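Report on the structure given below.
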Amino acid sequence: MGGIRLDTKQLKQDIIDYAYTIGIDSIGFTTADPFDELKQKLEAYHANGYASGFEESDIALRTEPKLSLPTARSIIAIAVGYPNKLKGAPKSVRGDRRGLFARASWGQDYHTIMRKRLDMLAAFIESKVPDVEIKSMVDTGVLSDRAVAERAGLGFVGRNGFVINPKLGTWTYLGEMLVSIPFEPDDPLLDSCGDCTICVDRCPTSALVGNGQLNSQKCISFLTQTKGYMPDQYRYKIGNRLYGCDTCQQVCPKNRGINTEQDDIILEPEILKPRLVPLLRMSNKEFKQTYGHLAGAWRGKKPIQRNAILALAHFNEVDAIPELKKVATTDERPLIRATAYWAIGQILGEEARDFINANYDQEDAEVQNEMIKGLDTRRE
């Protein structure tokens with residue numbers, strides 16, 4: 001770097017000090033060496049069919065940092081705490097049932113929040129070392145945010161698969177940057193969950209398979225983001241969740257008493273815990289205007305509306321029947337019509353048979369299947 005000897009120890013401290021002034025709550029440093037242990041875990045993860053399909057499928061890219069930045073010498077990991085308490089949250093009552101977005105999607109999309117901080121941190125480093133090479137990543141990058149954070153000393157990976165930070169708990173957004181500067185690495189945090197298995201025991205779908213591993217195919221957070229039919233065995237498991245699931249974090253003892261607020265995370269109770277029936281009426285434009293700033297909107301309105309219909313069935317919400325009938329008979333999307341017919345059958349039982357029979361012949365096979373299923377597999 002220009003042939004000038006760089007005081008990396010002082011620069012590291014300067015970076016740490018600056019990070020805390022721009023809304024970064026925890027920062028750590030590690031090498032750019034391969035994540036060999038992670039490679040073995042990912043190979044088993046894919047072999048067992050646990051992958052969600054949302055993450056980078058190339059294991060080499062996920063575990064070898066220098067494939068992303070050949071000049072990388074270090075990785076700087078950052079964590080930003082996010083709030084988990086919603087002040088003034090409206091109540092969900094009969095006739096006015098509400099859904100819920102997971103806490104990681106509260107406020108402005110966290111990708112935007114994290115990129116802003118990483119860009120500011122990168123600019124600071126570049127002001128000190130103009131010829132430095134940097135590559136930043138947040139969530140959708142190829143590296144494993146959790147593996148990087150753990151090795152950089154931000155926390156340890158708990159049985160729920162989340163990095164548990166001593167001050168922030170699991171309620172954190174994670175990001176990292178590869179840099180061409182050889183910083184002294186921090187030591188990993190020596191801590192563990194001990195004998196605690198509360199998260200494993202309380203997971204609604206038994207998706208936690210031990211040692212911090214997750215079967216994404218059973219995880220409610222993943223299931224709420226899929227665009228197809230919700231598997232039968234999970235339809236009532238999702239409850240009123242519209243996007244994501246926080247159960248394994250809510251029950252974690254390490255999270256007790258923790259609630260981190262950020263100036264740029266503005267909580268809107270009516271949006272984060274919305275009325276279910278009005279949600280079904282939203283056009284694409286209205287959905288984008290209302291929810292487009294949330295991370296939970298990244299898959300579009302169809303999964304959210306499907307989940308809203310399932311939530312109405314979960315609540316056995318008879319007052320929603322007129323709207324569900326309208327959706328079932330007028331919506332252009334087979335998935336949404338089918339889910340609405342299923343929910344009507346679940347809520348009304350035999351009382352729905354005449355309505356379903358009257359519309360049966362005009363539907364295609366996949367919708368007809370859900371119409372029958374709604375009547376014949378009603379939850380008692």
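Here the Cβ of each residue, glycine as well, is placed from N, Cα and C on the backbone.
Feature list (source: Swiss-Prot):
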type     : residues               : note
ACT_SITE : D139                   : active site, proton donor
BINDING  : C193, C196, C199, C252 : [4Fe-4S] cluster 1 binding site
BINDING  : C203, C219, C245, C248 : [4Fe-4S] cluster 2 binding site
DOMAIN   : 181-213                : domain '4Fe-4S ferredoxin-type 1'
DOMAIN   : 234-263                : domain '4Fe-4S ferredoxin-type 2'
Cβ neighbour count (within 10 Å, all chains shown) around C193 ([4Fe-4S] cluster 1 binding site): 19
Cβ-based isolation winner (fewest other Cβ atoms within 10 Å) among the binding-site residues C196, C219, C245, C252: C196
Positions on the same chain near the domain '4Fe-4S ferredoxin-type 1' (181-213), where near means CB under 8 A and six or more residues out: 1, 6, 8-9, 11-12, 28-31, 41, 45, 50, 73-74, 76, 125, 129, 132, 150-161, 164, 166, 219-220, 223, 234, 237-239, 245, 247-249, 251-254
Local backbone state of C248 ([4Fe-4S] cluster 2 binding site), from DSSP in three classes: helix
Spatially closest candidate among D139, C219, C248, the listed recorded positions, to C199 ([4Fe-4S] cluster 1 binding site) (Cα to Cα): C248
Fewest other Cβ within 10 angstroms of its own Cβ, chosen from the recorded positions D139, C199, C248: D139
When distances run from the Cα of D139 (active site, proton donor) to each of the binding-site residues C193, C203, C248, C252, the nearest one: C248
Per-residue pLDDT averaged over the domain '4Fe-4S ferredoxin-type 2' (234-263), given as an integer: 97
Of the binding-site residues listed as C203, C219, C245, the one whose CA lies nearest the CA of C252 ([4Fe-4S] cluster 1 binding site): C203
C245 ([4Fe-4S] cluster 2 binding site) versus C196 ([4Fe-4S] cluster 1 binding site) - Cα distance in angstrom: 20
Which same-chain residues, if any, lie at least 6 apart from C203 ([4Fe-4S] cluster 2 binding site) yet have Cβ under 8 Å of it: T247, C248
Euclidean distance between Cα atoms of C219 ([4Fe-4S] cluster 2 binding site) and C193 ([4Fe-4S] cluster 1 binding site), Å: 21
